[in-house]
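J.: Sharing a structure below in structure tokens format, with a few things to ask.
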Amino acid sequence: MKPPILIIIASTIISGTIVVMMSTHWLMTWIGFEMNMLAVIPILMKNFTPRSMEAATKYFLAQATASMILMLGIITNLLLTGQWTMLNNQNQIASNMMTIALTMKLGLSPFHFWVPEVTQGVSLSSGMILLTWQKIAPLSVLHQISPSINPNLLAIAAIASILVGGWGGLNQTQLRKILAYSSIAHMGWMAAVTTYNPDLMTLNLMMYIVMTLSTFMLFMYSSSTTTLSLSHAWNKFPLITSLILMLMMSLGGLPPLSGFIPKWMIVQELTKNDMIIMPTLMAMMALLSLFFYMRLTYATALTLFPTTNNMKMKWQFESTKKMILLSPAIVISTMMLPLTPMMSILN
């Protein structure tokens, strides 16, 4: 993709997200979503293969459907209340429509089917944008309308998403699909706490974005897309592969890594709100995600696949690729647990 075109597309994606985040008017919010969606499609199609075209089409259909439901909810709210503002949304029918539309945009269960297929069909860099930046706008709207959201509706979607995210990743060998199912599960954790403590949802989103960005950057660094290629990366990048496995366990929420922080704080927040069964179910279902991450770690680190290269290290190395943001991102993704008491202000 030529640099001028890339600059225009990237600026449109960023502008669309900023419009959604800063707007308190439903029409401007909807326009921001449309800017974001239409600008990200060329990013998904940049490889110009049948698979990427199919993935971009699936993404467009899912997002366009969600946008139509969102507009239906906005118009219903306008007819019943006579206002375009996002704050003080008192009508429950319109609020439910908007919540369903936003869950579809996020890929929460039961509207999660497009997420693994689209992520698998695009390149690693496009998948990184899809699973990180594209989550910011819908979650910012959920944050703004959280007082008017039906807690039961979001709780059902959250528990179903954590279950689907853990169950769906069990049989996967494609790393992009594993991260897609991980995204579904993480979105479920964020949705679960949205109606009780939206600021905690924002913290979870920040931690998730940093961990996922680090993982995708390391996959791009080592050119790994499957479990097999990741195990072969030991020959060329033993340190990078070790970092990938640590990030995987952090994404799974294994203490004492940083991924444990949001799960810990969300369970604590739900318990403070006299929710006992829900956090118990969430913690049990999170073991499914942790299991496939641990299995991936075991398959990669302890059971090396047969390879024609008999040496542990290659004598000739490629030139080092410069990734300036990678080091601080990895530190944040793995070593933030001691700072948890400082974050308790969110509770």
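Each Cβ is built from the backbone N, Cα and C atoms, and glycine gets one as well.
For reference, Swiss-Prot lists these features for the protein:
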- 3-23: transmembrane segment (TRANSMEM)
- 25-45: transmembrane segment (TRANSMEM)
- 60-80: transmembrane segment (TRANSMEM)
- 93-115: transmembrane segment (TRANSMEM)
- 149-169: transmembrane segment (TRANSMEM)
- 178-198: transmembrane segment (TRANSMEM)
- 200-220: transmembrane segment (TRANSMEM)
- 237-257: transmembrane segment (TRANSMEM)
- 274-294: transmembrane segment (TRANSMEM)
- 323-343: transmembrane segment (TRANSMEM)
J.: Using a Cβ-Cβ cut-off of under 8 Å, list the residues of the same chain that are 6+ residues beyond the ends of the transmembrane segment (3-23) and lie near it.
T.: 29, 31-40, 42-43, 86, 129, 133, 136-137, 140-141
J.: Most CB pairs under 8 Å with the transmembrane segment (178-198): which of 25-45, 60-80, 149-169, 237-257, 274-294?
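T.: Counting Cβ pairs under 8 Å, the winner is 149-169.
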